[in-house]
Amino acid sequence: MDSKKIDKVVSLCKRRGFIFQSSDIYGGLANTWDYGPYGVELKNNLKRAWWQANVYARDDIYGMDAAILMHPKAWEASGHIDNFFDLKSDCKSCKKRLKSEDLKNKSKCPECGGELTEARPFNLMFKTHQGPVEDTANLLYLRPETAQGMFVNFANILDSRHPKLPFGIAQIGKSFRNEITPGNFIFRTREFEQMEIEYFVNPNGADKKLEEWIENRFNWYIALGLNKANLRKRPHGKEELAHYALACTDIEYNFPFGWSELEGIANRSDFDLKRHAEYSGKDLRYFDDTAKERFFPYIIEPSGGVDRSLLAFLTDAYHEEDVRGKIRVVLKLSRELAPVKTAVLPLLKNRPEIIELARRITQGLKKHIVCIYDDTAAIGKLYRRQDEVGTLYCVTVDVESLEDKQVTVRERDTMEQKRIGIDRLKEYLLEKLNN
Ligand code: GAP
């Protein structure tokens, strides 16, 4: 993939109000990003599509929203206090902190050639304190994965919803990791959002369920618009498995900076439930009333990143086309993901009747479709802006519209234009958007 594409995507994100550097006016906070007006719409659409496919469309998955702060014992039980670290070395000259994994056995600093310290473990969890006294008794962690909030609620879901195996819990929320080497725009950050499912299964059928979930999740990205040629599955080698995992396959995307993980689908075995049962003293076994036995289910976990997926969808959708000798930049996002479905644009700014009609049409459409109005530039520029944010349909109101009560509807990808009666416009667009 074109390695310059990432710079073009970053630039478009800022120019058009998708993503801004955090605390920009203070010089920015490194590797931290804020989502602007179109970015938040795209993010919400992505999360909604995930929730639709994994919660609403199924009978066996329950949604929830756990707190970011958890009892500190939960992190002892989960193994994160003992195992959730990266090895890092510091450069004695330039003081840069480097992840051992990225050094690939190099003995000198790749930046300045300086001497490196011995590799030391560095726990990735952010610490904070509860209440006014900052001592160890009040130590809390910002969660590094949303998963644990679902494991500690396993018994609550059983008692309140009475599900039978297999069933799952799904959650979308923020996680925090004090990454040693964040970077590649929103790909690796210290604050990010995850979309996770914990799917509880009978241990006997766990391998098959893992395969089913890998297929399911791979196909979800394609159905939502990612080019299949830019996706691949990569099973983990034994040495790279997380401390809780028996097996894991990553879904990777061919980013401009190389193939990288979008989502991991792991078999977490009964590790988490067993450990929480042990540390909390609560019986977290499932009772199978047909076999009349109690056991700890295995957990299949599809765990994806919102921000990473969003970057993949943006990169995949970014197109440059030659239109009559000029470059048209267009975001070919799918109907579900496009932040704006329709934009109403008056052809002439100096005709109050046209402006008035265009505004009236916008207000009418807003009740049914995500629709914006823009009259801040000439029509050519207005089209270009809408193409750059991936708006699906542009509705142009011109002088004739005042007479024939019709408007021009322009489709984003084909740029085909059609005259449509204003009285039919809503139905026309809804049909296009929903079929
Ligand atoms: N509960 C399992 C778990 O957290 P993970 O592979 O460490 O597994 C799952 O993370 C997903 O979360 C990743 O595939 C990625 O999409 C996202 N993710 C993890 N760390 C991230 C970071 N520092 N920045 C952005 N996304 C991240």
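Numbers here mean position along the shown chain, with the first residue as 1.
Using the three backbone atoms N, Cα and C, a Cβ is placed for every residue, glycine included.
Please treat TrEMBL annotations as automatic predictions, because they have not gone through curation.
All protein chains shown were included, and the count of other CB atoms within 10 Å of the CB of Gly304 (substrate binding site) stands at 23. Annotation comment: TrEMBL describes Lys99, Glu145, Phe192, Glu193, Gln194, Met195, Glu196, Glu301, Pro302, Ser303, Gly304, Gly305 as substrate binding site.
Summarising the annotation, TrEMBL assigns ATP binding site to 177-179, 187-192, 261-262, 305-308. Counting every protein chain shown, the number of other Cβ atoms lying within 10 Å of the Cβ of Glu179 (ATP binding site) is 17.
Annotation source TrEMBL lists domain 'Aminoacyl-transfer RNA synthetases class-II family profile' at 7-339.
It is 12 Å from the Cα atom of Glu196 (substrate binding site) to that of Leu262 (ATP binding site). For the substrate site, whose annotated binding residues are Lys99, Glu145, Phe192, Glu193, Gln194, Met195, Glu196, Glu301, Pro302, Ser303, Gly304, Gly305, the maximal Cα to Cα separation is 26 Å. Closeness to ligand 1 is met by Glu179, Arg188, Phe192, these being the binding-site residues among Lys99, Glu179, Arg188, Phe192, Pro302, Val306 whose Cβ falls under 6 Å from the molecule. Reported as a whole number, the C-alpha separation between Gln194 (substrate binding site) and Leu262 (ATP binding site) equals 11 Å.
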